[in-house]
Structures are given as C-alpha cells and as structure tokens.
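According to TrEMBL, the protein has these features:
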| type | residues | note |
| --- | --- | --- |
| TRANSMEM | 24-41 | transmembrane segment |
| REGION | 50-94 | region 'Disordered' |
| COMPBIAS | 68-85 | compositional bias 'Acidic residues' |
| DOMAIN | 101-189 | domain 'LytR/CpsA/Psr regulator C-terminal' |
Amino acid sequence: MDEPEFRPISAQPSAPVKKDRTKLIIIFIIILLLLGGFFLFQRANNAPEEDVTEEQLVISTEEPSPTPEEEEISPTVAADEEEETPTPIPTTGVVSSRKELNVQVLNGSGEAGVAGTGQSFLKDLGYKTVITGNADNFNYEGATVKIKSSRSSYLEDIVGDLDDKYTVNDETGTLGSSSEFDVQIIIGS
C-alpha cells in the first residue's frame, strides 16, 4: 500500500492564496469606491440652503403705479427694458418705524418651521425685512429679543408685537453695532 506523501508546509505551493488575496483586495476597493460615491451623491442632494447675507439681501423699490389717465397701454413689453437695480438695505441711519428694521428670527426650539412661522407673523404685522435661521442651540424657552443699542427705542413696541403670539422673556440682549441685523428674535419652545 502506498503511503501518502507528506511535504513540509514550506514546500507546498502558495500561489493560490496570493491570487485569492488580490481578488479580495480589489473587491474591497471597489466596494469602498461605490460606498464613497453613494455618500457623496446623498450629501450633494441633501445640502442645506445657505444663509442669506446682507450683501445678498435687497429691497425692491417700486415706483407708484400710474393713474388710468397717465397709463399707456402696450400689448407687449420691450425686451430691451432694463430691470431696476435694487438697493441694499441700510443697517445704520435713521429708521422712521420699527417695521423698517432688519429683523432676524432664529429657531431656538429645534422644532421645524418655528422661525418661518415667526417670520410670517412679523411680515403680517408689516415688518419688511425678516430673515430666518437657526439659533446657536435649541434650548431656548419663550421668545428672546436682542437689539442694537442704537435701536433700543423700538424695543417696547417690538415686545408688544411679539406678546400677541409668544411669551417674551423679560431679559433682553444687546447686539453689537457691527451686526447686520437691528433686531434678533430667538423663538424657543
């Protein structure tokens, strides 16, 4: 009877193991590339909207509409008519009404849509420039008002407007003179 031949481990061929490792490494790299591409695609599609800066914020200055006697009827609009250039909103200077202040409404509760609701509320009251965003945290209670010291004469009126819908905190803050907003309202839960 023939006995099986035993060879030491070092004498056995090692090529198949090397080929298997190479295939595994290639498959692993392909999987990583596919996952990386998928996450980049998801991130690009779910990118948050950028906050509006003062330079991007403009007010449309509309001229009064003509009376029927002055109005010229034209069936088409000329293609070469230029649109008027909107002027940037001033954050300094004389403001004749609290409704002309630059107001920022921040979501301080973490609940979706809180800042947007505050924006709609203030616009319905006649405030012209109301921008929304998120607060530095979501632990705020009630509504907190911060105002530039140069605009502090409007604080009582603003708090009065907010009292119709929100519980306004007695403690108010001061915004720096370089802030792009005159008033900051943080709405908490």
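Using N, Cα and C of the backbone, Cβ positions are placed for all residues, glycine too.
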Treating G and I as helix alongside H, and B as strand alongside E, what does DSSP give for the domain 'LytR/CpsA/Psr regulator C-terminal' (101-189) in helix, strand and coil?
26 helix, 27 strand, 36 coil
For the domain 'LytR/CpsA/Psr regulator C-terminal' (101-189), would you mind checking the mean pLDDT of the predicted model?
90
